Amino acid sequence: LCCCEYVDRRGRRNHLAACCCDCEELDDGCDRWLTCKSLPPGALERIADTIADRLRVPWFSGAVKINVSLVPPLVLLPVFLHVAALHFLLGLIVLTSLPVVVLWYYYLTHRRKERTLFFLSLGLFSLGYMYYVFLREVVPRGHVEYSQVVALTCGLILMLAALSRAKKDPGYLPIPAGDEKPSHQGLPNKSVRGSSSGLHGISSAASSRAVNGEAKGYCRIPAEQPEGVKKDWCTKCQLVRPARAGHCRLCGRCVRRLDHHCVWINSCVGEQNHQAFILALSFFMLTSVYGITLTLHSICRGRTPFVALLYCPGAYSDYSSALSFTCVWYCAIVTAGMGYILLIQLLNISYNVTEREARLALRDNTGRRLLGGLVIDTGHYNRGLLCNWGHFLSLGSSPPQRSAEDIV
């Protein structure tokens, strides 16, 4: 393939110059629109799939497909922020509608069980664009010292490094080969309850009490297993997984000590990357609060950051100050949301419970609501604050548990 050629979704060789040619779905849609006829079911989806398949850029070994979900944040975020800087009322409308739109898109993709790069693109581009506005609009005012710029830059670099580590393997369980998939048929019939729901605990043979609302989805392991080892069967991955592991319906894989699937990193948070995830959130909070403080000190002199955030009379005196103030409010909204996520994570770690376990406990009414419902204590792994944090800090340091093939 030359740099402008590619193989389309139908397996045919195509060229970028023919991006508007031979599109039966689009031609049919235009004909029906001109004749005022309704589109057949699924026509818009087929047109969107065709456009997404042809949205490519030239590359050495052939045209590379661009993920459509990457584009909206790169285009819309600067436009919205510049529009919000034109007037106070416009800023109020834009900054109120942005979180609503993001939450709506999250609900839409979550309901359809779709993976998207929109949130990762939005987060990374927001960081880059806020840093650009800070260097271009705030630093030239002369109220920010060189050492403060260096400190802010270092915090941003550390946060990106932790984010890169959090994007790596969260602790996926190895998928057995097609001809080596283990089977649970050899286990006693009384111990098998095949399902793909994959709850996180299986009681040992010495206890008949259900763990975290055991109702279905288990294959109980005979008593010959080592003491304290609790495993269950995942019919989707066709493997026996260790205790607290779970199946992610978005990634399609089982993860050790699965906490949740984070849309902001487009990956699961599990045993291997949970520490890096918390570190990235912490660096983000520190860097964001520090950048907001420096910006408010520059555009609202003589006021504390909290007061300046709510009342800054000269913020809209010129466009540069208005843009900086709008970006500060955007950062404050994002920081508040990320701060809530970090708070929930820290509380869960303190009680040694994962987000997945808390959700299942709420569904099955097996957990205790603590601290006004901010944390759900399942009571199964809580060993005290120090022991819980010691367990969290040691995640990933112990050798991985035996594979499913060895267990079966």
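Glycine too: its Cβ is placed from the backbone N, Cα and C atoms.
The annotation transmembrane segment is assigned in TrEMBL to 79-105 (among others).
According to TrEMBL, the feature transmembrane segment maps to 117-134 (among others).
Per TrEMBL, transmembrane segment is recorded for 146-163 (among others). Packing against the transmembrane segment (146-163) from elsewhere in the chain are residues 127, 131, 134-135, 139, 265, 276-277, 279-280, 283-284, 286-287, 290-291, 294: each is 6 or more residues past its ends and has a CB under 8 Å from a CB in it.
Residues annotated as region 'Disordered' in TrEMBL: 174-205.
Sequence annotations record features per position, and here TrEMBL assigns compositional bias 'Polar residues' to 186-205.
Here the domain 'Palmitoyltransferase DHHC' (230-358) returns a mean pLDDT of 91 for the predicted model. Annotated domain 'Palmitoyltransferase DHHC' per TrEMBL: 230-358, in sequence order.
What TrEMBL lists as transmembrane segment is 276-299 (among others).
According to TrEMBL, the feature transmembrane segment maps to 319-343 (among others). Counting residues 6+ beyond its ends, the transmembrane segment (319-343) has Cβ neighbours under 8 Å at 81-82, 84-86, 91, 94-95, 98-99, 126, 129-130, 133-134, 137-138, 278, 281-282, 284-285, 288-289, 291-292, 295-296, 298-299, 309, 312, 374 in the same chain.
Within the chain carrying the transmembrane segment (79-105), a Cβ under 8 angstroms from the stretch's Cβ atoms is held by residues 118-119, 122, 129, 316, 319, 322-323, 325-327, 329-330, 333, 337, all 6 or more beyond its ends.
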